[in-house]
There are 2 protein chains.
Amino acid sequence: MSVTTPKGFRAAGIAARIKANGNPDLALVVNDGPDQAAAGVFTRNKVKAAPVLWSQQVLTTGRLRAVVLNSGGANACTGPQGFQTAHATAEKAAEVLGCGAIEVAVCSTGLIGAQLPRDAVLAGVGTAAGELAATPEAGLAAATAIMTTDTVAKQAAHTDAAGWSVGGLTKGAGMIAPSMATMLSVLTTDAVLDPAALEPALRAAVRVSFDRLDVDGSMSTNDTVLLLASGASGVSADPEAFTAALTAVCKDLAQQMQADAEGVTKRIAVRVSGAASEDDAVTVARTVARDSLVKTAMFGSDANWGRIAAAVGYSDAAVDPGTLDVTINGVLLCTGGVAAGGRTDADLSGKEIVIEIALGLGDGAAEILTTDLSHAYVEENSAYPS
Amino acid sequence: MSVTTPKGFRAAGIAARIKANGNPDLALVVNDGPDQAAAGVFTRNKVKAAPVLWSQQVLTTGRLRAVVLNSGGANACTGPQGFQTAHATAEKAAEVLGCGAIEVAVCSTGLIGAQLPRDAVLAGVGTAAGELAATPEAGLAAATAIMTTDTVAKQAAHTDAAGWSVGGLTKGAGMIAPSMATMLSVLTTDAVLDPAALEPALRAAVRVSFDRLDVDGSMSTNDTVLLLASGASGVSADPEAFTAALTAVCKDLAQQMQADAEGVTKRIAVRVSGAASEDDAVTVARTVARDSLVKTAMFGSDANWGRIAAAVGYSDAAVDPGTLDVTINGVLLCTGGVAAGGRTDADLSGKEIVIEIALGLGDGAAEILTTDLSHAYVEENSAYPS
């Protein structure tokens, strides 16, 4: 159930004193091969953290030997000094692993704008290298070391009957939005794959998993998803079967992020059907998922479909109020853009809410996962800088 | 200081029992001429309330004798029955005022999805007509009758040295967003104006006032701003001077809405300069103003400029992190995309926060007014359906 599930991978997670409280804050994931193919997807934020700039650069080779990840600081808005820290981190890992810095990606998460304590990071890389192991415990330690406001470590894996597997770890609890959450994720596989097939598979998996999670509409400076392939199973994977397995692991991880989102009291799925296109369905679902009035109504267990209809109406998608149906937790509340009665029949007292929006215009469908807007979200994001 | 400040206008506000609690809920504003020129700006939401559909239709004539406004129900998502209620309301006003229904606009605000009690509304129009007066008290009564979650009535006026004046009332406290707030506003003037000049003046004024207020990014189904010109002063107004006065009144009203927004503890001005265009400046300012993580940081009096930089970075505008400066309450916190120090020097303990973002790319500038995201916002929008 971790990045060490596939053969050929070792991991470690340690406390490097990047975080003042002494909690684990540095992880290392190493691909021992025989293959070292890799692909990455990064934030579309124009303000990119130093480790994102570094990792995008090294990923152009399509190869990775290792990934260093740290919590306790995003190394974003840190200028040349911050970029040098990311570079030095990769150099240090290369030194202890006996490879080139160009084979090492770096990921960071935490407060934007502060320099990382470079010495602590570099010393931590050395310590982590000494603790690398291919065990589930080592995978869990890595997943634990990248937690910020996460309350639980997040891992997933899939083992295919054909003899290969996919594993993954992720973090992310706030600033979670399209083009990925404030999230870092490392995915591993021991399937033998054409290196050219890795990036399409990763993009396809991310598009319908991490990209469909939207907690607060905020897009991070640090989002990174990396896929490392070792080929250690010796088994060639069918590209379609591999993409499906990778997608399943990514969806599992995305659901874990939804369940652990900051201040969450309700897990909400916004399902749109009947849109003119899939893009329109995503647009409508995302607009509803982001609407503060919808999110506060859900927190209050109030089946306020009028706020949903209003959000549908201001989305940048084709919408006809005359063919708009809204169903919450199985109860049809609005049909043809008009109240269908039954508002008090919809029971929203539980933790799961499903909002179904039928637009009646075409075949486009999509689902966005989100959460409610609670007192705890406000508390967590106002009382603590992050 | 109200819609009755300009000559030629009478107003009334009464309790028509649309609201169950017996508070005032119906207003009437009448233009006694000699001119009856009018212009309107409406929500761009594709789900439009019945009174919006009605009023857009009657405004095509460019003339209005009266406006009926109600709180206690938005008459949105109410289908043909809702439209008939809006029509019947105009017919009733026409009957008691001795004009045609085509000369009467209707505005509604309140819960989406419920039918208005038509008989109560029609009886209320009759009652209000009997109380019409040109006094400040009558203007205040009208402004009071359209309040929903507003805590104070909102009015403004400007009297020009040339001998004409502009007055206005508004409401709106939540679901406040671009293309106007969940707001209704009636503006009056006794200036003698070319009817063709009214709409451009209104659009110009709204563009830099109501359209630059963004409390929660939610766009209402009911937003309506109407401008009525009586010509009763007998004084021709210079179009530029009139537009400037109208803009000043609209900005005054927008600031009153900002100050009374749901759950507000901080009034925040987001000022962007150095953008590649004015549109880009608006886009960046709006993205920052809507960001939940920025808004919660402001609630916590935390000068978290990193969240601002992240929001700037994911806006749909041209942005170069290398030339990005962020200043909060006069303290430069980020320059060239990197920490400038002084984070603890910025004092955000007061009620006013000014966020200045210099993009260093061009001459585009714009300001968006917003508020923080507080516990009270969550409380108000989760505990009470509206």
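Cβ atoms are placed via backbone N, Cα and C, with glycine included.
Here's what TrEMBL has on this protein:
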type	residues	note
ACT_SITE	B:Thr182	active site, nucleophile
BINDING	B:Thr148, B:Lys171, B:Thr182, B:Glu262, B:Asn381, B:Ser386	substrate binding site
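A distance below 8 A between C-beta atoms marks B:Asn381 as the binding-site residues from B:Thr148, B:Lys171, B:Asn381 lying next to chain A. Cβ environment of B:Lys171 (substrate binding site): B:Ser71, B:Thr109, B:Ala143, B:Ile146, B:Met147, B:Thr148, B:Asp150, B:Lys154, B:Met183, B:Leu184, B:Ser185 lie under 8 Å away, each six or more residues apart in the same chain. Cβ neighbour density within 10 Å is lowest for B:Thr148 among the binding-site residues B:Thr148, B:Asn381. DSSP assigns B:Lys171 (substrate binding site) to a strand in the three-state reduction.
Residue environment of B:Glu262 (substrate binding site) contains 27 other Cβ atoms, counted within 10 Å of its Cβ in all protein chains. For the recorded site, B:Asn381 (substrate binding site), the DSSP three-state label reads helix.
Taken residue by residue with DSSP, B:Thr148 (substrate binding site) is part of neither helix nor strand, so it is coil.
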